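Here's what Swiss-Prot has on this protein:
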type	residues	note
TRANSMEM	11-31	transmembrane segment
TRANSMEM	64-84	transmembrane segment
TRANSMEM	135-155	transmembrane segment
TRANSMEM	179-199	transmembrane segment
TRANSMEM	258-278	transmembrane segment
TRANSMEM	285-305	transmembrane segment
TRANSMEM	384-404	transmembrane segment
TRANSMEM	423-443	transmembrane segment
TRANSMEM	490-510	transmembrane segment
TRANSMEM	531-551	transmembrane segment
Amino acid sequence: MSVIGWLQISLLFLAVLVVVKPLGLYMAGVLSGEPNVLSPILGPVERGLYGAAGIDPTREQGWLAYTLSMLAFSIAGFLLLFAILRLQAWMPLNPQGFGNVPPDLAFNTAVSFVTNTNWQNYGGETTLSHFSQMMGLTVQNFVSAATGISIALAVTRSFARSAAPTIGNFWVDLTRSTLYVLLPLAVLVAVAFVAMGLPQTFRASVEATTLEGVKQTIALGPVASQEAIKQLGTNGGGFFNVNAAHPFENPTALSNYLNIFAMLSVSAALLYTFGQLVGNRRQGWAFIAVTYAFLIVGVGIVYWAEAQGNPILSQLGLDPALGNMEGKEVRFGQAMTALYATVTTGLSDGGVNGMHGSFTGLGGLVPMFLIQLGEVLPGGIGSGLYGMIVFAILAVFVAGLMVGRTPELLGKKIEAREMKYAMLAVLILPLSILGFTAISAVMPSAVASVGTAGPHGLSEILYAYTSAGGNNGSAFGGLSGNTLWYNTTLGFAMLLGRFAYAVPVLAIAGSIAAKTRASTSKGTFPTDTPLFAGLLIGIILILGGLQFLPALALGPIVEHFAMLSGQTF
């Protein structure tokens, strides 16, 4: 570790804090329908879309209608993307001449991008045409992120309103999130990426001659535009197989900084947006403080673990001064790789600039554990906010038990109905992750896809289902996931992680919205204080992480101690 490394990390976190308030206020305004600087340009587009789709923007929906609209839109998106992938050979913009994507891989990929997971069992530059990348994947990068924002906005309204039968209009929320938040930000970031050297072209490839005189074909494509929304929407799916470690997807230290900044800023600002819309900005800052506490500790552990290096390699005579550089890009180094890995898993981004499977046991444990906590730190775009609210509901319930009062969150009483839905949502992740991992660990055909022996082999399976269930998309690279079993089961894990979580959350929103908002009294437990933030951290650790401890003990924890003892597999 070095002072420069810590300065790089600190500056990034400070830069995000600087934009949290202005970006949060902007989103609070545009998502509420207030006029803004883009209204003269995008207002007619918004109204035109409503007219073409036959949507009345003034007609709001109850939680069930909102949920059904969200599910219908997601199903339509899945079917469209699946069709594009299966018919790729006959689609335009296919200069590479790629064939149709096999059905099981097309299912996995379509589910992956519709659920904002972006798990990739393929190499983008060797499998997908420009049409599939742009009209299929990039479109879903926008609308899946907008879907997450919409759900979070519905939950936010439920706390802001009093005795309300509705929580908003899904189609309006989806449209505004796309037009006024994601699209303009993506244009700005894409232009910046082009200036930093990312390709933006319809050419398939360019042929170059290496220093050794060997001809090499270098893949090209519309990379910058996809990279921008990949990060802003916490999607994470790369244009190239090695994601942000590829020099055309992340060429410099500056582009790496912008990648991390883009993926973290919108999700963090949404927490402030929540505070603004419910009339308690301190609540938004309390949530941000919780996320920063986890991220700072997480990046510190990863940075330290990777900087220590691998003692087994040191015993073989390799210089340990640079730490564990296996799977890392020299142009980024230990600090920026550790920061990227921590942020991408604290969010639901899943993009990588280094190979997580090449981290040390302790270094690989942290990214996996952050996903298992529910990716609420600050989590995916939108999904992180409503996931944080679920844990906040559980935290005030525990606080209410301790002081003998009916728990309240922002003036709304938390009763049995909300607790049942909250616990149902929290149990989805371990059920999906541990269930599929256990089955795969004893199936010979599934174990055959594992590329590493010993505890790291179990970690590869556990990380895969953790990533899928947590809608993250990153992976330990030793697992060959492009098989019928993994394509299918990972797809179902992604569906559970997205929709089996979102439906109970929207049910909570409907129940909360119908309650009368009470004024604060002397007996009310404040939820915008350091005390509550500490309680929330404890609840996230206990309910979000403790259930995975036995599995982690058999995987990365054992691997760490095996490395220290010099044992190999």
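Note that Cβ sites are derived from N, Cα and C of the backbone, with glycine treated the same way.
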Contact call for the transmembrane segment (384-404) against the transmembrane segment (135-155), three or more Cβ pairs under 8 Å: yes
Contact call for the transmembrane segment (285-305) against the transmembrane segment (531-551), three or more Cβ pairs under 8 Å: yes
In contact by Cβ distance (the transmembrane segment (423-443), the transmembrane segment (490-510); 3 or more pairs under 8 Å): yes
Non-local residues, at least 6 beyond the ends, that sit with Cβ under 8 Å of the transmembrane segment (258-278): 12, 15-17, 19-21, 23-25, 27-28, 31-32, 149, 152, 156-157, 159-160, 181, 185, 189, 192-193, 196, 227-228, 231-234, 236, 244, 250, 284-285, 287-288, 291, 336, 339-340, 343-344, 347, 349, 351, 353, 378-382, 384-385, 388-389, 410
Same-chain residues near the transmembrane segment (179-199), Cβ under 8 Å, at least 6 residues beyond its ends: 27, 30-31, 36, 38, 42, 45-46, 142, 145-146, 149, 220-225, 227-229, 231-233, 248-249, 251-252, 254-255, 258, 262, 266
